[in-house]
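As recorded in TrEMBL, the features of this protein are as follows:
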- 77-268: domain 'ABC transmembrane type-1' (DOMAIN)
- 14-33: transmembrane segment (TRANSMEM)
- 81-105: transmembrane segment (TRANSMEM)
- 112-133: transmembrane segment (TRANSMEM)
- 145-166: transmembrane segment (TRANSMEM)
- 187-210: transmembrane segment (TRANSMEM)
- 247-268: transmembrane segment (TRANSMEM)
Amino acid sequence: MIEQRKSARAFPHIILWLAILIILFPIYFVFVASTRTNADILSAPMPIYPGSHLVENYGRALSEGAKNLGASAMTMMKNSFIMAMGIAVGKIVVSLLAAFAIVFFNFPGRKFCFWAIFITLMLPVEVRIMPTYKVISDLGMLNSYAGLILPMIVSATAVFLFRQFFLSVPREIAEASQIDGASSMQFFRSILVPMTRTPIAAMFVIQFIYGWNQYLWPLLITTKQEYYTLLIGINRMLSGADVLIEWQIVMATVLLALIPPVIVVVVMQKQFIAGMTDTEK
């Protein structure tokens, strides 16, 4: 009986470790390739242990980038970070204010406004991307940070989650703040936002990764190398027809692209879990 229990407990751990190995092996393979020369990578079979060109390859990726790209990984990381931060902060601010208005203000069409926002979840990005591109083009925002960020700062998901959290806030708190003479924005800024810190942290993690992983929208509106994001840069490095692909630089750039999202998740994992739990209550 005891042996059966031990076997039952061991089985989930075995599956877990297998899943971890399946996930980590490609990352390890990328790391090994990023420390090798192009000749080593193109050889068959490629060595499975790290080489001696780590500093050289990562230094080139950060300072110069691939020969067929014209942008360094440092520049592309900066662009990706600005876009991800702008999208995350913008979505949170807009969604907080929208949810606040829907929950705490009585005005005609309040429910209609919420459902009009919510129904956009059913529309694929591809449906609205060309009209959005036309607007951004007419406003002269192509190849700009504003063009990368502004069309992406509205989130029906964030509005829905913040609305659900605000609905759980006792009405007595809002009434008490009104009795004390606080305005609506004072109540929002001084009481509601501090109460919403954990959902905000959870939403920040989600939206930062969402912004960091954007590909289709930056692909459409960026044609200048100084505005390339990491995903666009990696795609351009792989699409050079007349230049030999420098796989060691590509792999180094891929690994560098993983670092900021991993840092955000590791640093904010407790707040993320707490925020998602609070939102579900």
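Using N, Cα and C of the backbone, Cβ positions are placed for all residues, glycine too.
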Open item on the list: At a threshold of under 8 Å on Cβ distances, which of 14-33, 81-105, 145-166, 247-268 pairs most often with the transmembrane segment (112-133)?
Closed with: 145-166
Task: Selection from 14-33, 81-105, 187-210, 247-268, the stretch that has most Cβ pairs under 8 A to the transmembrane segment (145-166) - done: 81-105
- [ ] Go through 14-33, 81-105, 247-268 and flag the stretch with the largest number of C-beta pairs under 8 Å relative to the transmembrane segment (187-210).
- [x] 81-105
- [ ] Report, as numbers and ranges, which residues of the same chain sit near the transmembrane segment (247-268): CB under 8 Å and 6 or more residues beyond its ends.
- [x] 27, 30-31, 33-38, 41-42, 53, 57-58, 60-62, 65-66, 73, 76-77, 80-81, 84, 201, 204-205, 208-209, 212-213, 230-231, 233-234, 237-238
